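These features come from TrEMBL:
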- Gly165, Ala166, Ser167, Ile231: NADP(+) binding site (BINDING)
- 6-120: domain 'Tetrahydrofolate dehydrogenase/cyclohydrolase catalytic' (DOMAIN)
- 139-281: domain 'Tetrahydrofolate dehydrogenase/cyclohydrolase NAD(P)-binding' (DOMAIN)
Amino acid sequence: MTARIIDGKKLAETIKLNLADRINALKEKDIIPGLTVILVGDDPASQVYVRNKANTFTKLGLNSSVEQYPASLSEEALCNRIRELNNDPSVHGILVQLPLPANLDANKVIETISPEKDVDGFHISNAGALMTGRPLFIPCTPYGVMKMLESEKVELRGAEAVVIGASNIVGKPMALLLQKAGATVTICNSKTKDLAAHTRRADVLVVATGRAEMITGDMIKPGAIVIDVGINRGSDGKLKGDVEFSSAKEVAGAITPVPGGVGPMTIVMLLVNTIEAAERKL
Ligand SMILES: NC(=O)C1=CN([C@@H]2O[C@H](COP(=O)(O)OP(=O)(O)OC[C@H]3O[C@@H](n4cnc5c(N)ncnc54)[C@H](OP(=O)(O)O)[C@@H]3O)[C@@H](O)[C@H]2O)C=CC1
Ligand SMILES: Nc1nc(=O)c2c([nH]1)NC[C@@H]1CN(c3ccc(C(=O)N[C@@H](CCC(=O)O)C(=O)O)cc3)C=[N+]21
Ligand SMILES: [Mg+2]
């Protein structure tokens, strides 16, 4: 048996179509949801993502601007610019593309963003709000994964969910959302002993490590739902997930591809969060 492919690109398009009413209702009140993306340095991969985000926004008639700064930008100058954006009523969302150059303290920069405009959900107060069950913004990638599981009608209550990766932007919020939905959650990291023993128990397996194709079919429970968050660019320029798709699809019940899986969902949830931020200003 071969796995069902969970088409993130298609689901993202469907969600976008369903946002039209909310966007129009805002426009009738003369509000156009606006996102400002700040990119520091000249990492080519970051430039691609930032361009994808901006294109998605403008196609839907939303405002989006990208501000690019040299890697030499000082922390103070960056924080001052963020404070200006915090006070600009035409800006509903502010996103500082990560990773930042090493001379900048990412925590300090993110905590300068007003929590009401932190559409990534990375601000420490938004992380705390999510943890205590009162989220202001749900981080886009885990949010998108939950929408994929919903669309697949995956029963999460009582499910064994295993999340590999424990970052603040993917693994940890992912685990919280799965837990809230009723799953029994295990979080694995690079020190986990016998990773395969954990992954083989998973009804729902979410992989977010940044280690290309580290999860192979023999590590997957037959019929499991496999969500591959990884984005790894090979030396051939092609994108690879953290899951070896060819072997995993022979065992899993359903699986997300890379590209065309979680990535497009992340962008559409950023749209959702920005619209939500604008609606709160009504
Ligand atoms: N599709 C999308 O929209 C997005 C994709 N990504 C992609 O997702 C991946 C993860 O991103 P991010 O969370 O930011 O990465 P981080 O590097 O911040 O975190 C990686 C996590 O994986 C764990 N890990 C690393 N190696 C192993 C291993 N061999 N076994 C078990 N756990 C391991 C680390 O463990 P430890 O804590 O012990 O260090 C850490 O917790 C990347 O490929 C990234 O590009 C990220 C954001 C959005
Ligand atoms: N503050 C901040 N917020 C983020 O959300 C954030 C970030 N920093 N830094 C980098 C990661 C990564 N990320 C992706 C978003 C979309 C795709 C995406 O659209 N992927 C497409 C293909 C892209 C391609 O072809 O390169 C896909 O998987 O089909 C991928 C990765 C958001 N991130
Ligand atoms: Mg993807």
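Yeah, the Cβs are placed from backbone N, Cα and C, and that goes for glycine too.
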Number of other Cβ atoms within 10 Å of the Cβ of Ser167 (NADP(+) binding site) across all protein chains: 15
By the 10 Å Cβ-neighbour count, the most surrounded of the binding-site residues Ala166, Ile231 is Ile231
So which of the binding-site residues Gly165, Ala166, Ser167, Ile231 sit close to ligand 2, that is, with a CB under 6 Å from an atom of it? Ile231
For Gly165 (NADP(+) binding site), list the number of other Cβ atoms lying within 10 Å of its Cβ atom. 23
What are the helix, strand and coil residue counts for the domain 'Tetrahydrofolate dehydrogenase/cyclohydrolase NAD(P)-binding' (139-281) according to DSSP? 52 helix, 26 strand, 65 coil
Summary of DSSP states over the domain 'Tetrahydrofolate dehydrogenase/cyclohydrolase catalytic' (6-120), given as helix, strand and coil counts: 56 helix, 18 strand, 41 coil
